[in-house]
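A single structure is presented below for examination.
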Amino acid sequence: MTKAVDAFKKSLKLCVTKEMLLLSITTAYTGLELTFFSGVYGTCIGAVNTFGTEEKSLIGLSGIFIGIGEILGGSLFGLLSKNNRFGRNPVVLLGILVHFVAFYLIFLNMPADAPIAPLEGTDSSAYIKPSKEVAIFCSLLLGLGDSCFNTQLLSILGFLYSEDSAPAFAVFKFVQSICAAVAFFYSNYLLLHWQLLLMVIFGFFGTVSFFTVEWEAAAVVARGSDYRSI
């Protein structure tokens, strides 16, 4: 019990440090987009009547391609991290750009009322004629972008708090889970374009905050000293 209380106190102290506050914005974004690709996007695909009789089967196919994107990104960036002279920022930048492309294509391809459509689906029109190929391609991009963020967040947390990483990862999972739960709540009420806008805003500021922490960490490494947060 004493060890559990000590770990909880350490987690509370970490919550108010500069580095963790900045990384919490990035973590919050991963929670929002986790809910989107794991729950909301599949619902949107299944609700589009324009896809015909295959609309429900596309939900499973979408999940498969999200997984392919996750595996591809995790494998690629895991190998690159062993010999990476440029730090973590380029991978996170790639992740946000990939997600922005995915969000834009989803905005064009999916009807705005798809997340809140009734069981019968929606016949509303999007900005372009809904395309199955574009929908599945966006699933791949969502998985790839998510792997960019998660691999680099776990990497920087392991670096900053190498001596006692458990509280740091506890804060990471707590913030991510809370934001995922909030996203599941508002996904039942907000139209698709508002959900995408929220993720774009959090994604932008989350990327900037990650860059800030990474630059500070790189400066400490360049000076040859140990990094200490608390």
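For all residues, glycine too, the Cβ spot is worked out from N, Cα and C.
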Would you mind telling me which of 20-38, 153-171, 172-190 TrEMBL tags as transmembrane segment?
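The range carrying the transmembrane segment annotation in TrEMBL is 20-38.
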Would you mind listing the long-range same-chain contacts of the transmembrane segment (58-79), meaning Cβ under 8 Å and 6+ residues beyond its ends?
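Same-chain contacts beyond the ends: 37-38, 41-43, 45-46, 51, 91, 95, 132, 135-137, 139-148, 151-152.
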Restricting to the same chain and to residues at least six past its boundaries, which positions have a Cβ under 8 Å from a Cβ of the transmembrane segment (192-213)?
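Distal contacts: 19, 22-23, 25-30, 32-33, 36, 40, 44, 88-89, 92-93, 96, 99-100, 103, 106-107, 110-115, 152-153, 156, 160, 183, 186.
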